[in-house]
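Quick look at what Swiss-Prot annotates:
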type	residues	note
ACT_SITE	D45	active site, proton acceptor
BINDING	D45, G46, N122, E123, R148, D150, T161, A162, Y163, N164, K165, S166, A185	NAD(+) binding site
Amino acid sequence: MKYMITSKGDEKSDLLRLNMIAGFGEYDMEYDDVEPEIVISIGGDGTFLSAFHQYEERLDEIAFIGIHTGHLGFYADWRPAEANKLVKLVAKGEYQKVSYPLLKTTVKYGIGKKEATYLALNESTVKSSGGPFVVDVVINDIHFERFRGDGLCMSTPSGTTAYNKSLGGALMHPSIEAMQLTEMASINNRVYRTIGSPLVFPKHHVVSLQPVNDKDFQISVDHLSILHRDVQEIRYEVSAKKIHFARFKSFPFWRRVHDSFIED
């Protein structure tokens, strides 16, 4: 079996990575960072997100594993003390694949520029590049509202525990193939109105954000943020692709939520 291990880059994570590579050397395991079947991330959720985007073109062939060397993460649920046990389990291939939905973001530009497509594990946000943020929100080709405010956030089910939560969005179980739209400081008065609530969209629904005046936007996809100019439309939908995790033990999603936000 081919595997690779990525590290946060701190001393603790780097040392653990080297120890695990040495451990895998005792088994029929091949280190391959080009076409791995198992990707192990050591660090936190940020390190895991980087590993995900590094291999997002090969998601069907990869199972991911996360080891946290800091606080418990939603994607990094193994502890450093369990590394030797994990090496043995991976080498024996004793795991099940668990899949989570992803978010597809398509940015369309003016004439002459090719559209750009992105994949998110957590969320995508849209903000103005400087002026007022005003967009028309269109759901399945039907105009829903004209939004004015700081911005909008579309998240995956697993991503609802991240930025979405701080915006007052609901937490969604990753078994639900859906996406959630939350507002950032919307303007609501006698003249301007928005729905003022998070919106959850099922698979096959398409949400389109269409500029009203300014066509330059700061668009983020997970930890990547880029200024896009001459934007004509931003489309969100549940991706046909999924991320696969190698699961060796039961760690229910709601237990993860409890340990992260209530008590560990």
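Cβ atoms are placed via backbone N, Cα and C, with glycine included.
Annotated features, which come from Swiss-Prot, shown on the structure.
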residue: D45; record: active site, proton acceptor; contacts (Cβ under 8 Å, 6+ apart): G66, G73, F74, Y75, A76, A162
residue: N122; record: NAD(+) binding site; contacts (Cβ under 8 Å, 6+ apart): L49, S155, T156, S158, G159, A162, Y163, D222
residue: R148; record: NAD(+) binding site; contacts (Cβ under 8 Å, 6+ apart): P132, F133, V134, S186, I187, Y192, T194
residue: T161; record: NAD(+) binding site; contacts (Cβ under 8 Å, 6+ apart): F74, L171, V257, S260, F261
residue: K165; record: NAD(+) binding site; contacts (Cβ under 8 Å, 6+ apart): L171
residue: A185; record: NAD(+) binding site; contacts (Cβ under 8 Å, 6+ apart): G149, D150, G151
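The number of other CB atoms found within 10 A of the CB of Y163 (NAD(+) binding site), across every protein chain shown, is 19. A185 (NAD(+) binding site) carries neither a helix nor a strand DSSP state and counts as coil. For the NAD(+) site, whose binding residues are given in the record as D45, G46, N122, E123, R148, D150, T161, A162, Y163, N164, K165, S166, A185, the maximum C-alpha distance rounds to 31 Å. DSSP classifies R148 (NAD(+) binding site) as strand under the three-state reduction. In the three-state DSSP scheme, N122 (NAD(+) binding site) is classed as coil.
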